[in-house]
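Note sheet for the following structure.
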Amino acid sequence: MAEQNSSQPQTNRLSTLVWTFVLVIAIFVLGGLLTWKYAYPIHTIAGLSLTLLVALILGSLCFWLLSKRRIQPQTPNQDKLLINKRCKLLTKHFKAMLNIQKRKKRLSSRYDLPFYVLLSDDPIKDKSIITQMGYEAYKVDDFGNDIEFPILFWLSEHSILISVSLGDEQHPEYVKTLCKNLNKWRSRQAINGIILTTDVKELLKSTETVTQKADKIKSQIKSFNHIFGLNLPVYNIITQMGQINDFCQFFSAFDETKRNDVFGVTSPIMKHGGIDADWYNTEYDNLITQLLSNMSNALASQLNQDYRNAICAAPYQFALLKESLWEFLYRLYRGEQLHDGLNFRGFYFTHSGQIQKQHDVLANMVNQTLGYEQFQQHQQIPVQQTLFAQYLMTHTILNEHELVGVNRRKENLLLTMQVAYTLFWLSLFAFVLIDIKIDFDYQSKLEAEADTMLERYKEAISAQPYNIENMADNIPNLYSLNRIYALYREPRPWYSFSFMPTSSIVSDVEAAYFDELQRVLIPSMENTLEKDLFVYVNLEDQAKTLSLLNNYRLLFNVDRSNIGALKRYFITTLEEQGEADSVNIAQLEVLLDDVFEKGLVPIKANLGLEQLAKRVISQTGVETLLYQHILNSETYSSRIDIRHELGNNFRKLMSFSPNYAGYMVPYLYTPSGFNELDLSINSPILKEALRAYEGVAGASPSASEMYRISRDLKQRYQNDYINYWRDFISQIQVANVSNADDLKRTMALLTNASNNPLAMLYNTVSKYTSVELPKDPTKDNETQPRQQDMDKKESARQIQLAFEKFHNQVTTDEQGNKPIDSLLGKVTQAETWLDKFYQAEDPQKVAYHALTASIKTSNPISVLAQQEAAQPSISKQILTQLTRQSNELVMSLAHDYLNNTWRSEVYQPYKTTIAGYYPFNKTASSDASTADVAAFFKSDGTLEQYYQSKLKNFSTEERSPYLYGLLPNTGFALDPSVWQMISKARDIRNALFLADPQNMSLQFQLRAKEMSSDVTEFIIQGEKPLFVYQHGPRLWTKQSWSAAAIEQDSVGFQIKAQQSSIASESYKGNWAWFKFIQPRVASATSQETEVAIKYGNTQVQLSIKTQGQNNPFVPNFFSAFSLPSSI
């Protein structure tokens, strides 16, 4: 850390110098280029001197600023800094190691020398094995194999080995850096395999420990496979076999050649990786068999008894290692459900010759079998020779260096890039050759066509020379020359590049074409204009002279911008003269475009003719031209779309008239445009307009003329401003509110606080019609600005007054309220009041009670209607529709309520118990129950209760009974037949309930009025005789009919002559009296009824007198009562 802090100022100083040098060089390059382009050769020294001066100044400034940079105090993590430093050092030494290897052995490809990664828990312990395999350590200094660093490099003639520690000193960043460098150096095949060394004592630990270690190593190898994109072959080396008693002693008498041989097994290649158990058992047993088969030779060569004992025990010690090694290898190489296992290539045993603690596996097993927990370990004489390592790399592992294959993705990418690179250059070369040929053919064809057209043009000129006096005759020939010019103006084909060599005569063609336009067409145009101008000057046509003089001046103006007027004039003139057809007109348009684009003008104007035209022109017509010029100027002709200011809900409530686009407001009719537009006599815009019409307005009009023009323009602008926004308002159409859904939607829109269309419309109109002058006073030339301010203030006041209603709606009063907010608040109250109808379980009943409330309170709908008169037209239309539709909605609900209750409470009982029965239906065969009739017609009966509860509130002050609505002069009436039937029901009640309001009965008197002479006796009888008459005094007899009287269930009469009966009839039921009397009524009044009973020539006449003013015996007294099904 101290070293880093000490080096930091030097690094900052070096960085400052580098950046300053880069800046100075950049300035020199840029200055040199500018000097070469603009100052060479006259001002070369001045340009270089200025460049040097600027470079010194900016370089010094840059150096000072960078030197003064404040170094932010940092307290980085010490470990992180050390790791970053070592990662950088690792990269550095990786590159240095490669350079050393390149010097040792020249390779045609970086893939010719195999790379292997050796994974070890302690690479230092494996150093002797690594060196025995033929490797030497790289970099024996501050970073290399003499210090304990987790990643070391080993070099050899046949390969490069990188040992990676799996211990705690390892850090993921080291491994990441190593992989990054390997991938960078050998992107398609980073390494050729992995050599995994495992200390044999690790296999003697518990199964759980072995499993955990295998899983950890497996994860590391998988990460290598993923990073490199390879399926790396893995070679397992079991090291430190001297820690197993007797094993190394077995080979003590062997010669050096056998001790250097490989002791292990290489696995056959398996497609899906992993390790095969049968193969493992077979091969491991073969190794044991080899030991057993060499036991005799080993014993024969060894005389030391301890060694002889070890030779006998070695195969069994080695056999006991089989199971634990299998557990380790199986756990390491087993495949998963969706993934193959690692690429296992074999397992091999080595001994490094180091002296370490020994383990007697066989004795330990026997000891445990006998039940002892521990025993005295006997340490043998260690074998300090390296076993089985020397040929392991060269004879076994390197033979399979091509087995790993390549990263297919990167291999395919490389192949694709190589093919693409080759095809690109071949294609480019072919394209260049073909393009040169095609471009040559194109240029040849173009030149040939131009030569042909030029010959035709020369022939046409010879046949018909140019005539300045007749512009129409000159057009075809000029257009022929234009075609030649246009031929070279056509877009070059894609294969013709500007940098390619060409022999084109385009510059000569262009010069000849415009020379002809200047020599022929311009004089023809001038001549045509002068002729027309002279004619209208003589005619003293002021308007036409004004327009022609303006065009004449434009023709001589090189900087003209309004070329549209000139083009229209010449085309129209040609059409009016009838000297050209549509083809000539189109040709003239093309020629005029070229003239105006090139800025060609006549040489000298006819000043005398101009003076004559100016005398004819009346100055009173200049204002119109000036005003139109201002309107069409670039500053004020832009438009502003104000639809977004009206809100997203505007179209849901209102719309603009069809084909109206006034919402694209000209900038001139906005407050900003109002304030910017200066129409005073000294305003730049007015002076610019006068310059544009200098030919007609004069170079410098007098002060009085300027004042008049300024005043007229101001008044016209003020009127146009007001009329534009009045037209804008008049073009707004309010959406129709024709049903309850429209009403609810409109109410929701008007009660939307954040996006209220009506409020936003009023705010928008108020915003664009509230014009206020800026507050900043003008200091210089105070007299004229003060007058300008007064005029603009008056215009602003007039505009304000024209839209005062809208301004008042959005202006805050003393209490901080706005009328529009108050109005929308009343709309909200109306919406809340209407919500009770939408949300009620029975909205019809609620509506009826709202209209028939005994104490009438001002409802929000009527309050809203009262606001209409004081509102602007738009809100007035909206309020009218809202209140009208709300009133119709409530009245419709109330009417529906009356209809529904009428059907259920009145009409249905009437239809089922009365309507189809006698006496209400004279032809019915069944009688109406007197109890049902009484229940329906009595004073507290069905019909009267309905009337009292539902219909009593109907007003009868004028016309028919009428129920008032929510608004004045509104309401609805019921079917008139309802009131007729209610009156008829009262007659029935007065007739039948006169004696007792609760019981139906009838009291009447009966007497004989006349009887035929041949009739001796007339009898009316029920259960007993009720009336008897025999040609005597005609006396009144009282009769009664009661709904509860059983004796009246049957009534009949009998007419007798002497002892014989002339006629006899009988009537059954409670309505028997009516069945007897009503069919025979001869005449009837409100109290008297004449009844005639006739049989042939025999007749009996009776008189009946009833009480009250309603006679129930009148024909159709009951049948005339017929209720409507709907009211």
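Cβ coordinates are placed from backbone N, Cα and C, and glycine is handled just like the others.
Automated prediction, rather than curation, is the source of TrEMBL annotations.
The compositional bias 'Basic and acidic residues' annotation in TrEMBL covers 773-794.
According to TrEMBL, the feature domain 'Type VI secretion system component TssM1 N-terminal' maps to 176-421.
Summarising the annotation, TrEMBL assigns domain 'IcmF-related' to 487-769.
Here the domain 'Type VI secretion system component TssM1 helical' (896-993) has a mean pLDDT of 85 out of 100. Per TrEMBL, the feature domain 'Type VI secretion system component TssM1 helical' maps to 896-993.
Annotation comment: TrEMBL describes 1004-1106 as domain 'Type VI secretion system IcmF C-terminal'.
Look at TrEMBL and you will find 771-794 tagged as region 'Disordered'.
Per TrEMBL, transmembrane segment is recorded for 16-36 (among others).
Within its own chain, the transmembrane segment (42-66) has Cβ neighbours under 8 Å at 15-17, 19-20, 23-24, 27-28, 31-32, 34-35, counting only residues six or more beyond its boundaries. Positions annotated as transmembrane segment by TrEMBL: 42-66 (among others).
According to TrEMBL, the transmembrane segment annotation covers 413-434 (among others). Beyond its flanks by at least six residues, the transmembrane segment (413-434) meets 188 of its own chain at Cβ-Cβ distances under 8 Å.
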*Beyond the flanks of the transmembrane segment (16-36) by at least 6 residues, Cβ under 8 Å*: 43-44, 47-48, 50-52, 54-56, 58-59, 62-63, 66-67
*For the domain 'Type VI secretion system IcmF C-terminal' (1004-1106), what are the DSSP-based totals of helix, strand and coil residues?*
13 helix, 62 strand, 28 coil
